[in-house]
Amino acid sequence: MFPCLAHRPWQVLCRVYLLQRAPLSQRPSKIAKPCFGWQSGGGVHKLWFSFPDSRVTSLTWTQIQNCSTTGSDKDGSPAGPVEPKPTEKEQAAQPSAKTAGSKPRGLMKAQSIQVKVRAVLKKREYGAKYTQNNFITAVRAMNEFCLKLSDLEQLRKICRRSPHDDTEAFTVFLRSDVEAKALAVWGSQEALARERNLRKEVEREYQENIFRNQKLLKEYKDFWGNTEPRSRKRVTFLQGPGKVVMVAICINGLNFFFKLLAWVYTGSASMFSEAIHSLADTCNQALLALGISQSVRNPDAIHPYGFSNMRYIASLISGVGIFMMGAGLSWYHGIMGLLHPQPIESLLWAYCILAGSLVSEGATLLVAINEIKKSSRKQGLSFYEYVMQSRDPSTNVVLLEDAAAVVGVVLAAGCMGLTSLTGNPYYDSLGSLGVGTLLGTVSAFLIYTNTEALLGRSIQAEHVQKLTEFLENDPAVRAIHDVKATDMGLSKVRFKAEVDFDGRVVTCSYLEKQDIEQILNDIQQVKTPEELENFMLKHGENIIDTLGAEVDRLEKELKQRNPEVRHVDLEIL
């Protein structure tokens with residue numbers, strides 16, 4: 001209220017006394033209009049008012065209490081009550097005041113002091129739930145309030161900045177208008193709730209009968225042009241990881257068939273392990289093919305970030321399958337061979353089949369190595385880093401399985417050779433245990449790397465620094481905090497950061513698009529607090545829209561400069 005008290009952080013409690021009407025003899029002679037003033041001295045603050053109707057009202061602060069939560073304030077004032085010390089004139093006037101009885105003392109000399117009054121708008125209480133200023137799209141209005149498009153034509157339409165990259169603006173409605181229209185259409189909240197429940201029941205029945213509506217769904221997808229994923233699946237198996245997986249399926253399937261015939265003919269435990277190894281590889285690579293086909297599906301309402309992790313899931317299951325089916329059966333057969341050794345027939349056909357498997361598995365291994373080299377060069381990684389970080393899980397599985405197959409063929413052939421030279425079947429059983437151990441090692445590595453990928457790992461620190469520096473170099477950004485860049489698989493990155501924007505730059509960006517002379521004229525016409533509030537509300541909302549446009553601009557430029565960044569979440573700090 002008073003400038004002298006504006007800087008104090010504590011509350012000041014004053015007791016105000018209204019003195020009685022002063023007699024005419026004590027009234028100041030030069031009072032023609034209402035006037036006021038205030039004096040301070042000796043700890044006593046006096047505020048007086050004079051009126052032309054022969055009354056002098058004196059408001060005196062007889063005691064000031066400085067209430068603070070600490071022992072003393074910053075300028076040394078005590079926290080407790082302060083008794084005012086009378087001035088010399090007041091001490092001299094005290095005896096006369098006692099003799100005068102009830103005669104009050106008026107102010108005989110007026111002091112002209114300018115008092116600044118600060119106008120403050122009344123604080124508005126919005127309550128815990130306030131939706132009068134909420135916007136709602138036409139789709140939500142029709143779905144949530146059971147309205148038709150014709151019902152929305154009569155409502156106020158507001159053009160707002162679009163949150164999507166493909167559209168610049170879109171039309172929204174005030175939620176309060178939509179709610180009022182829904183009540184006018186349905187009559188009451190109860191009727192609206194019944195209609196909502198009825199539509200939910202119809203939707204539930206539709207979901208239950210979705211398999212009987214395949215033709216309708218196909219027409220719906222064709223209408224929206226949703227045929228790209230099917231063509232993309234076919235292309236996927238003709239190049240990249242899909243090509244590697246399909247080649248591996250064909251070769252491992254043939255290897256399994258011939259190794260199985262060799263085991264039936266010879267009864268070798270090592271040959272049985274190799275047959276099981278080829279069968280496990282064939283099944284796992286078929287699972288990888290399924291994962292690749294699912295990973296290229298378009299995002300939907302249930303999976304807004306797509307299905308790229310399906311490759312990691314398929315590779316993880318493949319690793320578990322190798323461990324259970326390949327390593328487990330090989331260990332079992334090797335242990336049974338040690339406990340119950342059996343004589344081995346001629347190994348000539350087994351050697352021939354192993355030689356053919358070595359050539360075929362080696363060819364598949366070379367295809368996988370070339371694909372990984374090509375992909376690692378694109379991402380600026382070494383061959384070892386690309387494999388260890390499991391950037392392409394499908395190709396990694398083929399690489400490791402074929403590498404294990406080549407080593408396993410050599411190991412099985414060596415153990416079978418020792419058995420044929422010495423006649424001791426235990427060497428063959430040890431070869432089966434060695435192949436099982438090799439498969440167990442490969443499966444453990446696949447399980448570990450794919451689990452790390454599914455947990456959501458960060459991209460390289462150098463890449464994160466590059467994205468951060470791009471944002472910090474923008475003039476509208478003061479600082480970047482809490483940066484998170486997550487690898488989503490298939491060379492897709494999700495970037496999140498909290499951005500401290502420079503309000504001055506954002507405001508200048510807004511003013512550059514405005515008519516400054518018109519704004520100056522609007523400022524000069526502001527005379528009342530209500531007009532000031534309307535002026536600030538108008539430009540304040542436009543500045544917030546400008547801030548949103550700055551966020552959209554940064555997200556768009558970040559995606560254009562870094563194509564691997566698919567999802568950007570910039571939070572305003």
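Start at 1 and count along the chain as shown; that gives each residue its number.
Positions of Cβ are set from backbone N, Cα and C atoms, glycine also.
These come from TrEMBL:
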- 67-109: region 'Disordered' (REGION)
- 244-265: transmembrane segment (TRANSMEM)
- 245-455: domain 'Cation efflux protein transmembrane' (DOMAIN)
- 312-335: transmembrane segment (TRANSMEM)
- 347-369: transmembrane segment (TRANSMEM)
- 398-423: transmembrane segment (TRANSMEM)
- 429-448: transmembrane segment (TRANSMEM)
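Below 8 angstroms of C-beta separation, residues 237, 271-272, 274-275, 278-279, 281-282, 285-286, 288-289, 292, 345, 349-350, 353-354, 356-357, 360-361, 363-364, 367-368, 371, 394-395, 398, 401-402, 405 of the same chain, each at least six residues beyond the ends of the transmembrane segment (244-265), sit close to that stretch. Only residues 6 or more beyond the boundaries of the transmembrane segment (398-423), in the same chain, are considered here, and those with a CB under 8 A from a CB of the stretch are 241, 244-245, 248, 252, 255, 268, 270-271, 273-274, 277-278, 281, 284-285, 288, 322, 344, 347, 350-351, 354, 357-358, 361-362, 364-365, 368-369, 372, 387, 430-432, 434-435, 438-439, 441-442, 445-446. Sequence-distant contacts of the transmembrane segment (312-335) (same chain, at least 6 residues past either end, Cβ-Cβ under 8 Å): 269, 272-273, 276-277, 279-281, 283-285, 287-288, 290-292, 294, 390, 393-394, 396-397, 401, 429-433, 435-437, 439-440, 442-447, 450-451, 453-454, 489.
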